[in-house]
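Trainee: Pasting a structure below so you can have a look.
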Amino acid sequence: MADIRWDALWTHVHLATLAADADGYGEIRDGAIAVRDGRIAWLGARADLPAGARAEREHDGGGAWLTPGLIDCHTHLVHAGNRSNEFEARLNGVPYEHIARAGGGILSTVRATRAASEDALAQASLPRLNALRAEGVTTVEIKSGYGLDLETERRMLRVARRFGQTLRVRVRTTFLGAHAVPPEFAGRADDYIGHLCADVLPALAAEGLVDAVDAFCETIGFSPAQTARMFDAAQALGLPVKLHAEQLSDQGGAALVARYGGLSADHLECLTDAGVAAMAEAGTVAVLLPGAFYCLRETRLPPLQALRQAGVPMAVSTDCNPGTSPLSSLLLAMNMACTLFRLTPLEALTGATRHAAAALGLAGTCGVLAPGCVADFALWRIDRPADLAYAMGLNPCAGVVKDGAPAR
């Protein structure tokens, strides 16, 4: 038999492949995984390693569990400013409406972000990203949406791109100009959407800063008609879409984004049966955001059983943002998804890997351990995969591999 040459080989590891055709976690006890050119070349039981196989670098996992690298598929982690004062005020009985009228809320983050330089934005945001990376996250989505003007949206997306180019993490950028109406367009939401579609999005897309387009479709955000205009502009530029949908009320957003073949609909506490059916038909991923549910002390759960029965993939993410989910731990988000939403640990881990990849248009690229996929994985000092969604306040991550090379 001809020699088989690999760049790297990990042995003495237990694999949780999370492959779609696997039973449960896709466990392979006492396994091995080989990498060539940044991709998985082989995996299986260590006893089944091909005869004559050789690797330039061999790593002994010491009995660790090895999973796909985690994927945080919905974050707003690039921003300036701090809103802990609002958190304190709300807990002291001040209504959010009073806070907003006094200049707080999302527009306070917009002011702080507009005032920050690109370097200052990067410096403020890096600790949030590094907290995720320390927990085995190898892919992260980062949205704009705290600039609401061309120059600040550009700065936010440039920071996100910089992180992807300079750190061992894959970054997918999402343009969220339709997040709120900025002060200069107060009372003129239609005009603002027109400005985004005609001026801002085309300019940012031309600079290669946008991987997808999102909007906040809600009574306090943008109407379905305004959202559809945003999606039309995105599709004209060849960009996929996703949506903040049905968080506070049923606006038909899930069915709308499904009609556009959207990657995901996110939040979904007020999702209807019609929305579930539309998502199932389109293959749109349901992104669950238990951090926002927790911080807002919501009581209405997304229709988890209906999503399960319809076969809608469910992803789990942090929704890291300064106002409603200041959460930089995907492991804690997984625990919240189990505790608050009653996901199983398997559903939570699959939601932070394979289904999160699909929510970013990366299905078949990452999120599973399979030959041909990028070699992004994490090693864990745990007894079984369910521990990742079980324990709180501990970080059992023993190592991270990005594109086949150790990343920490």
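Using N, Cα and C of the backbone, Cβ positions are placed for all residues, glycine too.
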Trainee: Looking at Swiss-Prot, which one out of H195, H244 binds Fe(3+) in the same site as H74, H76, D319?
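Mentor: Given H74, H76, D319 bind Fe(3+) in Swiss-Prot, the matching entry from H195, H244 is H244.
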Trainee: Which of these, Y146, Y192, does Swiss-Prot say binds N-formimidoyl-L-glutamate at the same site as N321, G323?
Mentor: Y146
Trainee: Which residue of H12, H14, H179 does Swiss-Prot report at the same 4-imidazolone-5-propanoate site as R83, Y146, Q247, T324?
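Mentor: Answer per Swiss-Prot: H179.
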Trainee: For D319 (Zn(2+) binding site), what is the tally of other C-beta atoms lying within 10 angstroms of its C-beta?
Mentor: 27
Trainee: Would you work out the biggest C-alpha to C-alpha distance among Y146, N321, G323, the residues that bind N-formimidoyl-L-glutamate according to the record, and give it in angstrom as a whole number?
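Mentor: Largest pairwise Cα separation, rounded: 11 Å.
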Trainee: Within 8 Å of the centroid of the Cβ atoms of Y146, N321, G323, which other residues of that chain place their own Cβ, given that this set defines the recorded N-formimidoyl-L-glutamate site?
Mentor: H76, H79, R83, I106, T109, G145, P322, T324
Trainee: Could you tell me which of these binding-site residues, H74, H76, R83, H244, has the fewest other Cβ atoms within 10 Å of its Cβ?
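Mentor: Output over binding-site residues H74, H76, R83, H244: least Cβ neighbours within 10 Å is R83.
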Trainee: Counting every protein chain present, what is the number of Cβ atoms, excluding its own, within 10 Å of the Cβ of H179 (4-imidazolone-5-propanoate binding site)?
Mentor: 24
